[in-house]
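**Student:** One structure, pasted below without further comment.
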Amino acid sequence: MNSIASTKPPRPRPQGPRGDRKHTPKVNTQGLYKRAIKESFVKLKPRVMLKNPVMFVVYVGTIITVLMIFDPYLFGPVQGENLRFFNGLIALILFFTVVFANFAEAVAEGRGKAQADALRSTKSDTIAKKLLPDGSIQEISSTQLHCGDMVKVVAGDIIPADGEVLAGVASVDESAITGESAPVLKEPGSDVASSVTGGTRILSDELSIRITADPGKGFIDRMISLVEGAERAKTPNEIALTVLLAVLTLVFLFVVATLPTIASYVNSPVSIAILIALLVALIPTTIGGLLSAIGIAGMDRVAQFNVIATSGRAVEACGDVNTLILDKTGTITLGNRLAEEFVPVNGHTMNDIARVALAASLFDNTPEGKSIVRLAEKLGAIVDFDRNLAEGIEFSAKTRMSGTNLPDGSEVRKGAVGAIKGFVRSRSGRETPELDTAYERISQLGGTPLAVALNGEIYGVIYLKDIVKPGIRDRFDQLRRMGVRTVMLTGDNRITASVIAQEAGVDDFIAEATPEDKIEVIQREQAQGKIVAMTGDGTNDAPALAQANVGVAMNSGTQAAKEAANMVDLDSDPTKLIDIVTIGKQLLITRGALTTFSIANDIAKYFAIIPVIFASANLQSLNLMGLTSTNSAVLSALIYNALIIPALIPLALKGVKFRPLSANQLLQRNILIYGLGGVIVPFIAIKLIDVLVSAVGLA
Ligand SMILES: Nc1ncnc2c1ncn2[C@@H]1O[C@H](COP(=O)(O)OP(=O)(O)OP(=O)(O)O)[C@@H](O)[C@H]1O
Ligand SMILES: [K+]
Ligand SMILES: [Mg+2]
């Protein structure tokens, strides 16, 4: 909520439900793949490989099998022909398994790297005109600017660093960060319009700016390191899953290690190479290889929505969100609340209320205020005092009023009906039932009623009309199906709030909320163990944004809000929170689905390889899949195991098809599709590969 309504950002234009405008720089796909291929080999350093325990086991397995190319009898006597060639094939397949997993991660990182390069190119060294205390100007490099320095920028200049406008009014091209080409007006004083970002370009006039960021610490610098993934630490869920996969790997290692004893008991000695093959087939290499790509892709998908996440953790938290806190005006409604009608009361005429409403709105720069002036002037009202001698009283969300102190000492006010009643009472005026009738009628229509008063006398009510965004009801339905509760928080009165809440289909609403209420609501939800998401832009929102588990700040918002939030929406569209939550959910579901698939796969691979181990023990009844030979069975299972990683990269990056369902329904659906599919697919694929492998005479 804004403390100062005149600082409201331009209302975002309504978007399609998926809001799929993309401003991220175009990425050259061919270059991206070339770079990823190179990276897949660079990542083979043991230090890097160690971060992924599952793939590290494959890595070690590769090294051992390579040694066994040179000495097949390294670990004792083995039966069979062409051992060197066979071990060579296994080593090759294992090597590619590792490379494919690295490739998945490299491709996922590629887009962010390309984006970072594009951002870096906007951040060329500029010459800053530093304002010295004596008023003279010194030209220095932008990299030498520090917090607190004053600079001057004129039309055509690149703004040298993040800062706050202290003087001047100018339009600024912020497309370098927002991709939006429409210029933005910057002026001092107001929370929102006074902050400027280094790297953007001033188009007209000139500004005096106080620098608020030290070199290398600006908004663009932070964006670069974020999209590049420099700060991408593993998220708590990712760590938990990595641990689980490592434990599973250990269990399989133990199982495989005990096999030789059993095998020799049934007089069927096995080679170390085959044991390694079996181990690699059984451990969860698919999810192990794709895990980090899934996480990076989730951040990337958020970035493509023009939202910058400060960490992967933030994106992931979106997936766990239980409660979504939204404000009414501009988020649930279109937000261009315009004066529709004046309703005079207490025996006043239409002319009277128009005149008082005009006087009360003369200095009100909010869209609401301007529309009241327009309507009053249309009705023929004129200003009958010297406006230079009058004093404007700015709107604040706390007082819920705005107005003017006239030269003759009288006070005109307009605002929320409750607030104006309080004002009138304090001036020993009267309240009338007529006022309540008018205000209830407007509220029932979902409009915002503003009462108008001159000193102790109420003149009537202004009807501000607002419209619920088309399609928003569907979005809330979807969220409900995902188990997310939506709460509308508004400064408006109870009746209006309940009408809009009903029309929009939110689960709950809080009316007559002050900015402080927001943080209270968040804390209350969190006390019940809920994960809470919210959007905001004002300085007032900063504590609430920091308190929320997912706080999305509007780029048009204040520096404080942006710093407190864990995401910044470059388009300043509060409805995007809904999309971000959806992306987070999809990230978690994708991870779950591919984990299920990966583990289900092992069943088939197990049945492909285990008969091999007991081959000479006449346990051929175990050869369920009817594979050609023992060697071809092992190779086929391993080839499948390697190829499934690149085959699933597109799914890992794009995310699985997403449907708004509850966690339970999703689990059932996933087990059905990815669990059952994960058992069936490899049976078919391994059989086909076996046919091919034996046809080309590899085994
Ligand atoms: N320019 C204004 N002048 C006087 N009163 C106003 C003005 N704008 C809004 N109000 C009154 O103050 C109330 C609170 O405003 P606030 O901005 O906190 O909430 P809101 O805009 O109604 O809802 P939301 O919090 O969803 O944006 C409004 O409901 C309205 O009654
Ligand atoms: K595997
Ligand atoms: Mg508001």
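Placed from the backbone N, Cα and C atoms, the Cβ positions cover glycine too.
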**Student:** Just to be sure I read the record right: ASP364, GLU368, PHE395, SER396, ALA397, LYS398, THR399, ARG400, MET401, SER402 are listed as binding ATP in TrEMBL. Which of LYS414, LYS421 is listed for the same site?
**Tutor:** LYS414
**Student:** How many Å separate the Cα atoms of ALA397 (ATP binding site) and ASP537 (Mg(2+) binding site)?
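**Tutor:** Here the two Cα atoms are 13 Å apart.
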**Student:** Report, as numbers and ranges, every residue of the chain located at least six residues beyond the transmembrane segment (633-653) whose Cβ falls under 8 Å of a Cβ in that stretch; write 'none' if there are none.
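**Tutor:** Here the qualifying positions are 89-90, 93-94, 96-97, 100-101, 103-104, 107-108, 274, 277-278, 280-281, 285-286, 289-290, 293-294, 297, 300, 590, 594, 597, 601, 605, 608-609, 611-612, 623, 625, 627, 682, 685-687, 689-690, 693, 698-699.
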**Student:** With every protein chain in view, how many other Cβ atoms are within 10 Å of the Cβ of ASP541 (Mg(2+) binding site)?
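**Tutor:** The answer is 29 other Cβ atoms.
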**Student:** Hey, how far is ASP327 (active site, 4-aspartylphosphate intermediate) from PHE395 (ATP binding site), Cα to Cα, in Å?
**Tutor:** 18
**Student:** From the Cα of THR399 (ATP binding site) across to the Cα of ASP541 (Mg(2+) binding site), what is the distance in angstrom?
**Tutor:** 17
**Student:** If you check the binding-site residues PHE395, THR399, ASP537, ASP541 one by one, which have a CB less than 6 Å away from any atom of ligand 1?
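**Tutor:** By the Cβ criterion, which requires under 6 Å to ligand 1, the hits are PHE395.
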